[in-house]
Amino acid sequence: MSFKDLGVSKWLLEALAAMKIRSPTSIQAECIPQILAGRDCIGGAKTGSGKTIAFAAPMMTKWSEDPFGIYGLVLTPTRELALQIAEQFLALGASMNIKVAVVVGGEDMVKQALEIQKSPHFIIATPGRLADHILNSGDDTVGGLKRIKFLVLDEADRLLSNSFGSDLERCFKILPDASKRQTLLFTATVTDAVRALKDKPVPEGKKPVFIHEIVSKDQVAIPATLTISYVFVPSYVKEAYLHNILVSPKYEKASAIVFVNRTYTAEILRRTLRKLDIRVASLHSEMPQSERTNSLHRFRAGAARVLIATDVASRGLDIPNVELVVNQDIPADPDDYIHRVGRTARAGKKGGSVSIVSEKDVERILAIENHINKKMDLLEEVNDDKIIKESLSIVTAAKRESVADMEKEGFGEKRKINKRKREERTRDSKKRK
């Protein structure tokens with residue numbers, strides 16, 4: 001089957017061919033014709049499945065038949081994923097002079113408002129920043145959203161979690177009713193929130209929702225080419241163990257992502273490893289967007305061998321050739337573990353994952369093993385004597401210096417200031433009402 005067989009526009013066929021995308025993946029072959037037929041869609045979207053084209057191709061095909069106003073809105077949980085999706089839209093639509101606006105945090109709101117006012121064909125946004133514009137930028141700016149034809153929730157399982165609830169509600173209020181638009185959800189796992197949407201009554205005049213390969217929790221699997229292991233350590237020496245793993249003969253040249261749960265931890269580790277002469281970059285929410293983008297570019301290009309990241313890097317991002325994933329902090333949700341380790345062992349390649357487990361993490365590890373139906377192996381490359389001899393003293397000294405530097409610089413103050421500003425804007429908006 002070809003993209004032509006799926007009903008994609010001729011100009012888009014040429015764009016796909018220019019990008020050397022010639023044959024549709026399973027999710028593309030099944031979803032594209034159904035979306036073109038006017039159906040809402042819930043699609044299973046494993047890493048590397050080609051899900052962006054699965055929704056972008058039919059949206060852009062229908063847009064080219066009636067290119068008027070803001071045609072589609074794509075909501076996604078992270079800034080980096082929004083930028084990546086926008087790049088694909090622009091590449092696909094270059095021959096048609098497509099206009100795409102990226103509306104994410106960390107960028108100038110006034111500049112964004114002016115872009116939205118120009119009615120770009122597609123808006124790619126994070127819910128929080130779009131909600132800010134709806135609340136504060138006025139109907140002249142966001143009024144075009146009332147007439148969109150498509151709404152896409154990418155990484156829908158995460159977007160429909162409690163952390164995005166209030167922002168999504170504000171975004172949905174300005175959009176056309178569900179009966180007057182197509183809604184496309186792409187998700188890696190079926191949460192209760194996604195399942196509830198799947199089972200909702202179909203609005204009058206609409207076709208039944210199309211479902212593609214939804215993976216239930218009891219079918220969760222990790223790649224066969226991925227080795228998963230752990231080390232069990234006291235919490236106060238976790239950084240020393242991390243350093244020893246990264247400089248061990250097995251991993252000293254490996255491209256690695258180290259996942260943590262907090263921005264503060266990410267910054268400490270970045271500074272500590274840099275002092276220990278490891279080429280390192282970081283990615284977390286307290287970094288300015290320009291620095292976040294630069295970190296990703298450096299890691300992709302190999303200028304940084306190690307990326308320290310919170311879960312903003314765990315989903316959807318196209319980062320090829322990651323050989324090792326380290327869980328410096330163990331995630332509370334087993335699905336987050338799956339997304340993290342899914343950054344390696346992609347497309348049949350081999351990859352490794354190491355979880356650094358302390359006494360407080362045991363229940364989380366057991367929950368993960370139960371979820372993936374597989375036991376982790378003990379990592380043999382590190383042992384207590386080796387850590388004490390090679391890493392503990394130098395890592396402790398580097399960490400102490402890093403913490404002192406962060407205190408001098410007032411790390412974390414920007415987040416507090418931004419939080420106060422958001423609270424003030426919300427109060428002002430309520431007063432105006």
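Start at 1 and count along the chain as shown; that gives each residue its number.
Just so you know, glycine gets a Cβ as well, placed from its N, Cα and C.
Looking up the ranges 1-29, 59-87, 204-232 in Swiss-Prot, the one annotated as motif 'Q motif' turns out to be 1-29.
Between the listed ranges 154-157, 382-385, 390-393, Swiss-Prot ties the annotation motif 'DEAD box' to 154-157.
Listed as Cβ neighbours of the motif 'Q motif' (1-29) (distance under 8 Å, sequence separation of 6 or more from its ends, same chain) are residues 36, 43-45, 49-51, 53-54, 57-58, 60-61, 64, 91-96, 212-213. The Cβ neighbour count for S49 (ATP binding site), using a 10 Å radius and every protein chain shown, is 19. Per-residue confidence over the domain 'Helicase ATP-binding' (32-208) averages 92 (mean pLDDT, predicted model). Over all protein chains present, the Cβ of T52 (ATP binding site) has 23 other Cβ atoms lying within 10 Å. Of all the binding-site residues listed (G50, K51), G50 has the fewest other CB atoms within 10 A of its CB.
Secondary structure by DSSP for the motif 'Q motif' (1-29): 17 helix, 0 strand, 12 coil. Shown for the domain 'Helicase C-terminal' (247-387): DSSP residue counts in helix, strand and coil, namely 56 helix, 25 strand, 60 coil.
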